[in-house]
Amino acid sequence: INNVLGELVHDIQDSELKAEKDGVSDTESKVDSGVPEVPVPPDDTPEVLNKALSGLSSRWKNWWVRGILTLAMISFFFFIIYLGPMVLMMIVLCVQIKCFHEIITIGYSVYHSYHLPWFRTLSWYFLLCVNYFFYGETVTDYFFTLVQREEPLRILSKYHRFISFALYLTGFCMFVLSLVKKHYRLQFYMFGWTHVTLLIVVTQSHLIIHNLFEGMIWFIVPISCVICNDIMAYMFGFFFGRTPLIKLSPKKTWEGFIGGFFATIVFCVMLSYVMAGYRYFVCPVEFNNDSNSFQVDCEPSELFQLQDYALPSILESVTGWTTVRLYPFQIHSIALSSFASIVGPFGGFFASGFKRAFKIKDFANTIPGHGGIMDRFDCQYLMATFVNVYIASFIRGPNPTKVIQQLLALRADQQLHIFNSLKAHLIEKGLLPALEEAAA
């Protein structure tokens, strides 16, 4: 009996050590056992690359595949920038739809055996509703004169929020009617799944478009910061990485994190210097009603005009310079690149935790060596939210053009009342007589 008990204890200890070695506790195993695994997508690396890199180890093969595809994606990024803001907005919409599709597909794959009624239909319906709301708001804000000129658009704009709410309410009622006995809890899980996906993907992609209208530099620089950080962190980690950074991503290292941080700041300061000198990048994107097209032309603000800055005494002793000539935007680019390097990666860690929860490597296999579109944009959405908040907090002021547009939409008696109130205010401040004398 003692021998049998001893062998049993020995077997239990071995199994516990094995579980700890694999990084999976007994409790976690029980929890995960109830979640069906998502089918692993097949390797879709182009056959040409497979043959060309067949003699390399899997580590170096993955390095070359990622490198080649990264250069291809960067080239495509420059190409769509050249095509202009309208194409950029369409690309953002396409990326948003693809990311939504990848996340919803995971949900459907996990719970497909339950045959939930209307799940995919309702998911895409809610995506349509949310996009109708956000893009309708954007059209009203940035195409105000066009909307007022066309009668159907004016009616849709006037009742836009009511129509959006009615559309969502219809989907809500459809969901309630689709509830099936014995699957209530699961259906509410998936209802929450859809709405969290909408919050993460659609809302933040809409913020990207808002950033774009502030000037293409607010779109390009933040995206480039995240891309640069991702590449440089991978490079430093690949060649120098020794110290693990976080358990969610075992391949991430402190060497890659720190190296990516400094490389990203240097890159973004240099990129900002180059782009700040071109009106095409710094001017807000506006709609020209005469030509019915976008225009990017203005007198650059002080943010994009070179200024002299005094260097701290420490840097002065090292460089021998007393002042340095920079664009103020370059100072802001340090804040953007710091966020992209320090906080931005947590978007990737969040995505890694999500994928580990469902035992998948990537969201999809859209891009060989990189995974799905969501795998490339997990940090971009977090960055877009930060940039939008940063602009609203430190950059953007009242927009006279929008104020005038809103005034012109009022009734004549309301406009006259505002005119008299403004006139009285200017006289009280002593500004109106000075203006009249100047005009005389």
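Placement of Cβ uses the backbone N, Cα and C atoms for every residue, glycine included.
Remember, TrEMBL labels are computer predictions, not curated facts.
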Range annotated as transmembrane segment - as stated in TrEMBL, picked from 53-75, 306-328, 329-351: 329-351
Transmembrane segment per TrEMBL - which of 86-104, 162-180: 162-180
Range from 118-135, 187-209, 329-351 with the greatest count of C-beta pairs under 8 A to the transmembrane segment (257-281): 329-351
Residue numbers, six or more beyond the limits of the transmembrane segment (118-135), whose CB comes under 8 Å of its CB atoms: 93, 96-97, 100, 104, 107-108, 111, 160-161, 163-164, 167-168, 171, 174-175, 178, 187, 190, 194-195, 197-198, 202-203, 206
